[in-house]
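Worksheet: the structure to be examined is printed underneath.
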């Protein structure tokens with residue numbers, strides 16, 4: 001800032017120049033005024049400065065770090081269960097709890113907790129449009145680590161699925177919106193009262209109640225979409241609550257009276273209720289249907305509804321160009337294809353070595369069946385990527 005008056009004084013009528021990176025303007029002093037504070041925060045608040053300058057990249061880094069921790073936790077907990085079997089202990093699938101004495105299993109549990117905390121924090125800095133789809137990276141990481149540390153084979157289609165998931169994630173990061181449209185609880189409260197979101201939320205609640213009380217008792221045991229649709233629809237409220245609580249936490253550190261804001265406690269109650277419902281119906285789905293089908297379908301439904309909710313509630317796509325919107329959609333579809341290849345064909349024995357023979361014979365590649373005990377063990381011990389809370393928030 002530069003003073004243009006010759007006498008160097010700053011009084012009424014004085015002219016000041018303000019220089020930014022790309023603009024230079026001249027302002028005239030017309031009177032005295034008290035300092036203006038926005039929402040009770042000072043202009044030099046470290047939270048405000050950090051979010052303004054690096055918010056998107058902090059959220060992106062936290063989302064990737066969260067996926068790494070959760071993907072690694074699956075391997076640690078699995079190693080703990082395998083060591084229990086080697087020692088002759090009762091398997092978790094048979095009702096045993098010997099894994100609770102293994103430090104490796106607890107290390108995996110703590111690692112997963114750290115991953116969930118990082119994922120929670122990511123929503124406070126980055127748009128849900130980018131944080132939620134990146135949850136697929138945890139499955140990719142666990143698949144890669146399991147092939148090296150657990151001796152589980154990752155076939156050619158699985159490797160291709162991993163590469164596609166990475167490419168899709170990269171495309172989404174490049175084209176996703178960087179700016180937050182909602183930064184305070186007051187702004188979020190206003191967004192929640194908009195007619196468009198109220199109508200959308202009413203439709204989701206009506207659909208959820210219809211599925212829970214009518215379709216679930218009749219078709220839940222035979223149709224995989226019933227339970228997974230319930231989980232996905234409820235996910236719209238859980239992710240919105242996480243996003244709002246992230247904003248509240250940032251406001252708390254910035255000195256705002258967020259604990260006195262009624263929306264904070266409404267979000268807490270909504271989050272607890274929605275996550276409890278999601279876990280209940282996700283466990284039912286995992287108990288009945290093949291895990292190779294549950295996760296890809298759940299990922300697609302859940303992420304699609306969350307992105308739709310973000311568009312309607314947080315207006316995250318308002319500032320995006322047509323090219324960025326198309327790029328984001330294409331990146332998401334690429335991740336879906338990668339997740340599908342990684343899970344749908346994981347039991348097929350397909351590699352570069354036997355691919356010519358498989359193509360020439362025109363027959364399906366040999367399939368290795370999962371051990372039922374292993375599937376039960378995975379589900380009951382909550383170590384499978386499908387059973388983690390990552391996809392819930």
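Just so you know, glycine gets a Cβ as well, placed from its N, Cα and C.
In TrEMBL, annotation is done automatically, which means it is predicted and not curated.
Taken straight from TrEMBL:
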type	residues	note
TRANSMEM	54-76	transmembrane segment
TRANSMEM	103-124	transmembrane segment
TRANSMEM	130-150	transmembrane segment
TRANSMEM	157-177	transmembrane segment
TRANSMEM	197-217	transmembrane segment
TRANSMEM	224-242	transmembrane segment
TRANSMEM	262-281	transmembrane segment
TRANSMEM	293-313	transmembrane segment
TRANSMEM	325-345	transmembrane segment
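With a cut-off of 8 Å on Cβ pairs spaced 6 or more residues apart, the transmembrane segment (197-217) and the transmembrane segment (224-242) reach 3 or more such pairs and are scored as touching.
Under 8 Å from some Cβ of the transmembrane segment (54-76) lie the Cβ atoms of residues 104-105, 107-109, 111-112, 114-116, 118-119, 121-127, 130-131, 134-142, 145-146, 149-150, 173, 178-180, 383-385, 388, 390, all in the same chain and six or more residues away from its ends. Comparing 157-177, 293-313, 325-345 for CB pairs under 8 angstroms to the transmembrane segment (130-150), the maximum falls on 157-177. Between the transmembrane segment (224-242) and the listed ranges 157-177, 293-313, 325-345, the one holding the most Cβ pairs under 8 Å is 293-313. Of the candidate ranges 103-124, 293-313, 325-345, 325-345 contributes the most Cβ pairs within a distance under 8 Å of the transmembrane segment (157-177).
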